[in-house]
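Below: the structure, in structure tokens.
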Amino acid sequence: MPLSQKPMRYGHTEGHTDVCFDDIGSCIVTCGSDGDVRIWESLDDNDPKSINVGEKAYSFALKNGRLITAVSNNTVQIHTFPEGAPDGILTRFTMNANHVVFSADGSKVAAGSSDFLVKIVEVTDSSQQKTFRGHDAPVLSVSFDPKNTFLASASCDGSVRVWKISEQSCETNWPLLQKCNDVVNAKTICRHAWQPKTGKLLAVPVEKVVKLYRRETWDHQLDLLDKSVTQPFNVVAWSPCGQYLAAGSVGGWIVIWNVETQECLERVKHDKSYTICGLAWHPKGGQVAYTDMEGNLGLLENVCDVDGKKSDHKASAPAVKDYDELFDEDDGEDFLNRDSVGDDWGSKAARNNEDDDDDPMMASGRPRNRGAIIEDDENSLDTGLLKANSALDKEEEEDDQESLAPLLPLSSTQRPFYDGPVPTPQQKPFQPGSTLVHLTHRFMVWNSIGIIRCYNDEQDNAIDVEFHDTAIHHAMHLPNSLNHTMAALSSDAILLACESTEELASKLHCIHFNSWDSNKEWTVDMLQNEEIEAVCLGQGWAACATSTLLLRLFTNGGVQKDIFSLPGPVVSMAGHGEQLLVAFHKGTGFDGDQCLGVQLLELGRKKRQLLHGDPLPLSRKSYLTWLGFSAEGTPCYADSEGVVRMLNRGLGNTWTPVCDTREHCKGKSDHYWIVGIHENPQQLRCIPCKGARFPATLPRPAVAVLPFKLPFCQTATDKGQMEEQFWRSVLFHRYLDYLSQNGYEHDESVKSQATQEQQNLLMKMFALSCTLEREFRCMELAELMTQNARSLAIKYASRSRRLNLAQRLSELAAERAAELAAAEENGIQEEEEEEEDFQNHLNAGYSSTPTESGQARIRNLQRQQSMESYEEEEQEKEEEEEEGTSEVTKPITKAAVVSSSQKRVNPFKVSSSQKDQLVQLANIIDNMTKQGKKNSMPNSRVAPNKKSPVIKPLVPKPKSKQAAAAAFFQPRKPNTEKKNIDERGGGTEVPPPEPPQTPTESSDNKRPKTGFQMWLDENRSCIGADNPHFEETEIIKEGMSRFRNLSAEERMVWTEKAKGKEAGDSSEGKKRKRLEVVNSDGQEGQGKKSKEDTSSVTKPSSIQESAIAKLSAFAFKQR
């Protein structure tokens, strides 16, 4: 596999930082300017063990369980490892010790100081010391010969010396470095190193090359360099096999060479070009840890993986332990190396868990004799050849030990290992909003309800529960005698779970604090060999997933309910209301990818499964870090790459990325820990973690709010920005449709406000597309608009002199109006069918009397009649409204009707009829302006001089499919009564015009009021007060919806009232008709007077109604 560079993380404060592995490579150890030595189980260890050794640590060395540190009080100290207990002072200097190293056997320690001295001290007896004098400036670095014969040292005086330890004399002196007076002024710290095992070569970083000198002769052997490195090398380190040499430069480059071929195998650049000041190879090879002058720690994996396989060592625990914070069963257990300490899981899989003799590669790195493998017979083995070759293998191993010269890598044809995709270790179960289990102080859960903390130290083992809203419950302090490791929190209960022990089974413990009785707790023991792996809570239910692939459901009171099997091992669970979200392993992932599935169930009265084990999409080479619901009930999750995704119910239950938290992180090692998601307002609530993935419990972390952003292209432009805002608004308000479909309460004003926002964005995009002459794009945007916004688009297109676009928009509006009418009509029919089915169901279960069934049919007929009368009345209202408008509005309606009815014509052919049509279309906007001024309704709340943005409102419930289109576009018939008066009167004097009647008054004169009209007249002021911004048509729609919500008996009462009034009105109308017939001849003056009287009577009533509406609206605002 190719070399991979993991993101660096914060390790220490700014300054010189040193690094090394422990003896077996199970952890990384660092020291820094903050005086701490930290032990990292992996690069992603968010809680490393810290040992304070002094005010400032300059260097350290680790071997055989002893930790040697050079600190700022001019001493070299000893601590036990990994306990960190002080074990005395090894030696002292008059100034700071700059570098300390162990000998190969760990019996001696060498230290170089700023007082120009180099000392070698026996570890077991610190009185046995040897001092080497000869440098004329502070000593930069020291290194032991592997055979404990020589000691090399570099100094600020520019020299590199080799000392013979037994004689305490200087063997050779090379003036290689630039002179300076102090360590802080040195260009490099010149960390040289001897070749392991034999010590035949000494590598010294000098300027932009690494010089190699041969042992004993001290001749310059060769130079290693790389053209990409433009600044001096600072530190070098040999691989454990002695074949490869790594060097770090001041400019942030890390270069690795094959020493024998002098070939540059790897070249890696620091992300921020910081100076590399520490390098360390893993004891088994394959990994290189490094530090910089800013206190950061980094790791290179698959280093020099020339054989196409991973190195065999436990260093892959830190390497692949990108999942460490989730796979946290035991502190000492490595999830990748459960079976063996020395072998990587991938190598064991390749070897089929055989003995080391089956490894085609020997410890020396040479390939075994492959003649024993008969490739023609499906890799069958010839035992005779194997025995014959075993002796050859031993001889080759002895030769390798005698001559440790570097070996050439295998050619591609000699690679015996499987070179395909490598399986990814499965992610371990975790609780959303929790931190690592092995921490002494940790968060068990942090969600929108509250926080549960766990304290497990020498003083106390307890659980603290804190609620964000103290009205739900007061804070709680619970003992943790059972050592609970999992927790879930809702507004009704607390759910805890613990692992099994040798004596006790795994237990599920619930505290139902919302219960009204005195017994608020219950506990359930799992079956034998069944471990609880995940828990969650919902509205009235609790759930736990176990290691036997079972999901158990309980009530909040402790009643066992449903139980079903999961398709795979659970990863995480979350609950919200009646919804249960389960993530599980659907299969085995490869090359770092997880293969997860998800199930979404509704546990209400109608139990159903919405997601049937669908794949859960994750970022490449990432894993699941958070799973839950938004505050409004939409499933969401996040992965280790910081991408947050949300379920898009309007697109077939797909997952849409809504935020990338990595865009808001300042450094690569910084992360955001999610605690909650809100759709209204759009907020991602999370905790920033500097240099870690999880926050500490103390001090209390501060919650930050991140914005959502869909990953649309070209968001820097106006078009891309508006597209992202529109679709994000659509996505984040789809929960309203889900709530309404499932019978939940929701605020209608939120939906209307969101619709208004979306239509505004569509109109802006429409205007931008018109400006760019993208008429086809304009039509695509118009298809997303509502009827009112589409009308405004027609206006805008006409004003922009885009007549073809206006014509097509008119056709589209007519089609949408017809579809809307048909949909509403089908909805009424479905409601009637549902009522009939319900009545049939009742009749099938119970014997209804003829009176009861007859009354039900009568009620249905009466309701249908009232609805039909309401629809006819609405049509008459529109007719009267059209009669009151000027005839100037006729061209647009004619144009719309003609364009929708005629066939498609050649747009480039100019004819006389087309010219006339274009002339009519050119006057559309002017006609609309005049119409908007004249169509101001008396009961409307819009100001008289303010133009209405709606050309013509849709009919709420038309009787036929074409009714809505006709009401919106077709012209009305002229008033025939006026024509008859003109014909009869001839040249006689025309009487003064009567005041224009409102649609309500004209319909009242023509037809008696229905029950709905009487109810609307009585409740109109209340609707207007609740919704001050509503227009007349919107008030009627709202009134109709409220009237439908009334019970059948109440609607019958209003219908009976209307019928009683109809009878009285009909008798009075007959009397008035007879009087008009008698007095029609010769009494025009008297009729004129009566008309004035009636008009004077109606005017105060309308003024009074508007005054009452205004007062009620004012009172509503004051409340």
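The backbone N, Cα and C atoms fix where each Cβ goes, and this holds for glycine too.
TrEMBL annotations:
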REPEAT    9-41  repeat 'WD'
REPEAT    132-173  repeat 'WD'
REPEAT    236-267  repeat 'WD'
REGION    331-380  region 'Disordered'
REGION    392-431  region 'Disordered'
REGION    822-1014  region 'Disordered'
COMPBIAS  827-837  compositional bias 'Acidic residues'
COMPBIAS  840-854  compositional bias 'Polar residues'
COMPBIAS  869-885  compositional bias 'Acidic residues'
COMPBIAS  898-917  compositional bias 'Polar residues'
COMPBIAS  926-939  compositional bias 'Polar residues'
COMPBIAS  961-973  compositional bias 'Low complexity'
COMPBIAS  974-986  compositional bias 'Basic and acidic residues'
DOMAIN    1005-1073  domain 'HMG box'
DNA_BIND  1005-1073  DNA-binding region
COMPBIAS  1054-1069  compositional bias 'Basic and acidic residues'
REGION    1054-1104  region 'Disordered'
COMPBIAS  1095-1104  compositional bias 'Polar residues'
For the repeat 'WD' (236-267), distant same-chain residues with Cβ under 8 A (at least six beyond the ends): 3, 187-188, 191-198, 201, 203-205, 208, 210, 212, 222, 224, 226, 228-230, 273-285, 288, 290, 292, 300, 303-304, 306, 365, 404-409
Taken over the repeat 'WD' (236-267), the model's mean pLDDT: 93
Summary of DSSP states over the repeat 'WD' (9-41), given as helix, strand and coil counts: 0 helix, 15 strand, 18 coil
Residue counts (helix, strand, coil, in that order) that DSSP gives for the repeat 'WD' (132-173): 0 helix, 24 strand, 18 coil
